Amino acid sequence: MNKALRKAVIAGNWKMNNTRVETKALIEDLIPLAKDAGCDVVVCVPFTNLETAVNLTKGTNIKVGAQNCHFEAKGAFTGEISASMLTEMGVEYVVIGHSERRQYFGETDATVNKRLKAVIDAGMTAILCVGEMLEDRENGITEELVAMQTKIALGGVSKEDLSKVIIAYEPVWAIGTGKTATADQANEVCALIRATVEKLYDKEASDALTIQYGGSMNAGNAAELLSKPDVDGGLIGGASLKAPDFATIINAASK
Ligand SMILES: O=C(CO)COP(=O)(O)O
């Protein structure tokens, strides 16, 4: 299947940025800039800003995502948020397995798999993050590592449910460093992820899968990255905090 038939998705991962007041200002700036987008637009905001973001984006083409979600439905899990708490609020996307969760909060491939399934079961779309550290790249194990992360995360996910998954390839060495993967490096690993998914399911499933690149994507480099055949969108950190920059990336993905 041709890339043009896949859904292009530009998602902003705000990380731990913006108060409610700041959220309102940024989303109000973004709405007119994104209204003619030729791609899907998502903003993944801190839990405390979800309600504000959902209310502000009602009737617009901007969708709202969370940045994590626990795998249990409820119980003694202090500090965690369940999938039904998110769906009740109108949240449609959840970032799962971000490298910052893996690095700083002990997420493992196994818990990523559980969280991913909880998101799908609740009817939301998971943005599953995979990617290697600099050391892995230098040791020549990028392919094996990213394939393994992908396989473990998708364990027990049916072909039908794969339509509720977006995969974001985020090389850890490119996140927040200003050091972007070249468009060819990004495409190479996105293609590898697609081939891994084809082996797990089939060609129909892998052809339909939206794969994003993330890691210092910005207004200046987005067009080149997004022009690559296996890069269907972007997961954007820093540049998603400035409405005009995020809008430039949205335009670059619009077709
Ligand atoms: O981690 C990222 C998105 O999830 C990328 O962050 P930056 O765009 O700030 O490098």
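Cβ coordinates come from backbone N, Cα and C, glycine included.
Nobody curates TrEMBL annotations by hand; they come from automatic prediction.
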Recorded substrate site member, picked from Ser158, Ser206, Ser216, that accompanies Asn13, Trp14, Lys15, Gly176, Gly237, Gly238 in TrEMBL: Ser216
Surrounding CB atoms that lie within 10 Å of the CB of Trp14 (substrate binding site), all protein chains: 22
Residues flanking the substrate site, with Cβ no more than 8 Å from the Cβ centroid of Asn13, Trp14, Lys15, Gly176, Ser216, Gly237, Gly238 and excluding those residues themselves: Ile175, Ile236, Ala239, Ser240, Leu241
Three-state secondary structure, Asn13 (substrate binding site) (per DSSP): strand
